Number of protein chains: 2
Amino acid sequence: MERELVDWLRATLPRHPLLRVGLGDDAAVIARERSAAEGGDLVVTTDSLGDGSHFLLTEVEPRWVGHKCLAANLSDLAAMAARPTAVVVSLMLPRSHADPVALARGLYAGMLPLAERFDTAIAGGDTNCWDGPLTVSVTALGRTTERGPLLRSGAQPGDAILVSGELGGSITGHHLDFIPRVAEALLLHERYDLHAGMDITDGLSLDLSRLCIASGCGAVLDEQAIPISAAAEQLAAASGGDALSHAFSDGEDFELLLTAPQEVAEAMVADRPVECGLTIVGQMAEGQGLTLRTADGKQEALEPTGYWH
Amino acid sequence: MERELVDWLRATLPRHPLLRVGLGDDAAVIARERSAAEGGDLVVTTDSLGDGSHFLLTEVEPRWVGHKCLAANLSDLAAMAARPTAVVVSLMLPRSHADPVALARGLYAGMLPLAERFDTAIAGGDTNCWDGPLTVSVTALGRTTERGPLLRSGAQPGDAILVSGELGGSITGHHLDFIPRVAEALLLHERYDLHAGMDITDGLSLDLSRLCIASGCGAVLDEQAIPISAAAEQLAAASGGDALSHAFSDGEDFELLLTAPQEVAEAMVADRPVECGLTIVGQMAEGQGLTLRTADGKQEALEPTGYWH
């Protein structure tokens with residue numbers, strides 16, 4: 001089984017200039033960048049997705065599962081403002097599947113266009129059949145730029161808080177087909193004086209609370225400023241719920257959460273440097289915890305809610 | 001759950017000089033080596049192990065599962081004669097387990113001593129709870145030495161074939177508690193003119209057949225020269241089977257399979273450079289496929305058998 005898949009991958013995977021040894025040996029060899037300009041420190045992240053938890057193989061085509069798993073890892077590199085270099089892929093394929101090799105091909109078919117888009121080598125992997133459900137484990141490698149990594153811990157009281165795109169309602173489709181904000185993060189990190197950043201995977205309020213803890217600050221969010229996605233509005237309309245709660249708490253937005261000095265943030269919004277849009281949603285503050293500034297100017301404590309793993 | 005585990009890991013994982021950003025951000029940052037002497041190309045390998053396939057959680061302590069999964073990945077770096085730098089660990093923990101956090105701690109407790117032994121940072125990871133069985137996915141990063149990577153494809157007809165240690169019967173315990181041949185591979189690659197190498201994971205005959213294909217050669221094995229482990233002898237005695245078959249076909253030896261010019265190989269055996277021992281088991285040959293040279297001097301075709309994934 002693995003041999004058949006490896007043969008297919010050898011024929012299918014594009015060549016990558018940095019990949020000295022690809023599939024077929026015990027490990028992959030990726031050329032060292034020869035100058036500081038070419039590459040900074042190594043950034044590495046890993047993420048496993050499992051059938052029944054992160055996707056339902058009965059409802060989703062394998063290529064979207066592959067896309068999602070690679071995209072989630074690239075989103076973690078974007079969160080560090082790192083340039084992706086290579087990924088390795090580890091599959092546990094269900095023996096009960098009618099055609100495990102076709103399943104694996106489908107997964108890779110979803111990863112290939114995304115890897116190509118971000119000039120990322122699929123450097124190797126491991127493929128097993130087993131009696132459990134499908135798991136897809138991806139490890140992504142990247143390089144910091146000359147600006148260094150963008151960390152969660154750099155925010156300062158008074159910083160403006162920005163988010164890319166729109167939030168909430170990812171479950172209706174965005175969680176599968178999103179494009180990670182790699183290009184946006186690199187551009188913004190290069191062009192503006194960002195203080196802190198991460199990607200929003202478990203809901204704005206929960207992830208912002210993590211950024212607050214890492215930076216030793218609190219944060220105030222403006223109720224009226226939150227960019228609520230159309231999907232969140234639709235979910236709220238259908239359930240009679242609250243669209244803002246979806247924007248605060250829904251998982252898997254995979255948008256960027258950034259902080260920068262207020263005047264920098266205002267320039268970032270005015271310049272329109274990225275197509276997905278940037279919105280100032282509040283400010284970092286002294287102290288700790290989240291505060292919500294409501295439409296009528298009141299401030300109330302905001303309990304972080306979102307997806308706890 | 002993940003927060004509790006991350007707190008524990010932060011308190012437990014030793015500091016590593018290369019690790020600039022460890023647990024708690026979106027990705028880990030590993031310092032770039034600043035000179036050619038310090039580091040060559042990046043070597044990366046990934047391996048997933050699943051409960052029921054690679055181990056039985058009902059029969060094995062979690063720390064041995066952790067040990068095995070890290071050791072298997074380090075063995076792949078050894079196979080390339082690469083120096084380990086860092087690993088990331090992705091866990092899918094069974095929700096049905098009485099105490100998933102204790103399970104995760106147990107897995108890490110098995111990885112920590114091995115990581116320390118090989119001066120390898122546990123740089124980060126991902127932890128999920130799900131409804132499936134335990135899977136442990138490790139990605140290991142290393143650096144080639146000045147000699148470059150040791151590949152499967154470098155063997156030449158006439159090369160002697162060497163193996164480290166003894167083969168077969170791993171199922172009786174060695175597959176869990178083995179120490180990967182990292183130090184041995186680095187020492188041998190530095191000191192001797194090795195042509196090709198890999199680790200033996202799926203049985204000598206199957207893995208040698210892969211090395212033959214990669215190098216475009218055949219190989220002749222000496223029946224009398226194969227170092228058969230005591231465990232293989234015991235298994236054969238118990239089943240009335242053939243110990244040599246165990247040495248040829250049993251999976252998970254995690255020994256080194258090397259080729260070198262005959263005179264180099266003889267010096268390697270005479271010098272006794274590694275405690276585990278080295279044995280010349282045959283020669284690479286023109287053509288393709290495996291041949292067995294029996295005790296009475298006859299040569300017969302040897303069908304590769306072993307563990308096919």
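Using the three backbone atoms N, Cα and C, a Cβ is placed for every residue, glycine included.
Some features that TrEMBL has for this protein:
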- B:24-143: domain 'PurM-like N-terminal' (DOMAIN)
- B:Asp26, B:Asp76, B:Asp199: Mg(2+) 3 binding site (BINDING)
- B:Asp26, B:Thr45, B:Asp76: Mg(2+) 4 binding site (BINDING)
- B:Thr46, B:Asp47, B:Asp126: Mg(2+) 1 binding site (BINDING)
- B:Asp47, B:Asp76: Mg(2+) 2 binding site (BINDING)
- B:His54, B:Glu252: substrate binding site (BINDING)
- B:Tyr108, B:Gly125, B:Asp126, B:Arg152, B:Thr201: ATP binding site (BINDING)
- B:182-292: domain 'PurM-like C-terminal' (DOMAIN)
- B:Asp202: Mg(2+) 5 binding site (BINDING)
Between the binding-site residues B:Asp76, B:Asp199, the one whose Cβ has the fewest other Cβ atoms within 10 Å is B:Asp199
Just checking the binding-site residues B:Asp26, B:Arg152, B:Asp199: which sit within 10 A of B:Asp47 (Mg(2+) 1 binding site), CA to CA?
-> none
Just give me the nearest neighbour of B:Thr201 (ATP binding site) among the binding-site residues B:Asp26, B:Thr46, B:His54, B:Asp76, B:Asp126, Cα to Cα.
-> B:Asp76
Where does B:Thr45 (Mg(2+) 4 binding site) sit in the DSSP three-state scheme?
-> strand
Going through the binding-site residues B:Asp76, B:Tyr108, B:Asp126, B:Asp202, B:Glu252 in order, which have a C-beta under 8 angstroms from some C-beta of chain A?
-> B:Asp76, B:Asp126
B:Asp26 (Mg(2+) 3 binding site) sits from B:Gly125 (ATP binding site) (Cα to Cα, rounded, in Å) at a distance of 10
For B:Thr46 (Mg(2+) 1 binding site) and B:Tyr108 (ATP binding site), determine the Cα separation and express it in whole Å.
-> 17
Nearest of the binding-site residues (B:His54, B:Asp76, B:Asp199, B:Glu252) to B:Tyr108 (ATP binding site), judged by Cα-Cα distance = B:His54
How big is the gap, in Å, between the Cα of B:Arg152 (ATP binding site) and that of B:Asp199 (Mg(2+) 3 binding site), rounded to a whole number?
-> 10
Where does B:Glu252 (substrate binding site) sit in the DSSP three-state scheme?
-> coil
Which one is it: of the binding-site residues B:Asp26, B:His54, B:Asp76, B:Asp126, B:Asp199, whose Cα lies the shortest distance from the Cα of B:Thr45 (Mg(2+) 4 binding site)?
-> B:Asp76
Once DSSP output is merged into helix, strand and coil, B:Asp76 (Mg(2+) 3 binding site) belongs to helix
For the binding-site residues B:Asp47, B:Asp202, which Cβ has the most other Cβ atoms within 10 Å, all shown protein chains included?
-> B:Asp47
From binding-site residues B:His54, B:Asp126, B:Glu252, the one whose Cα lies nearest B:Asp199 (Mg(2+) 3 binding site) = B:Glu252
For ATP, with binding residues B:Tyr108, B:Gly125, B:Asp126, B:Arg152, B:Thr201 per the record, max Cα distance (Å, no decimals) returned as 32
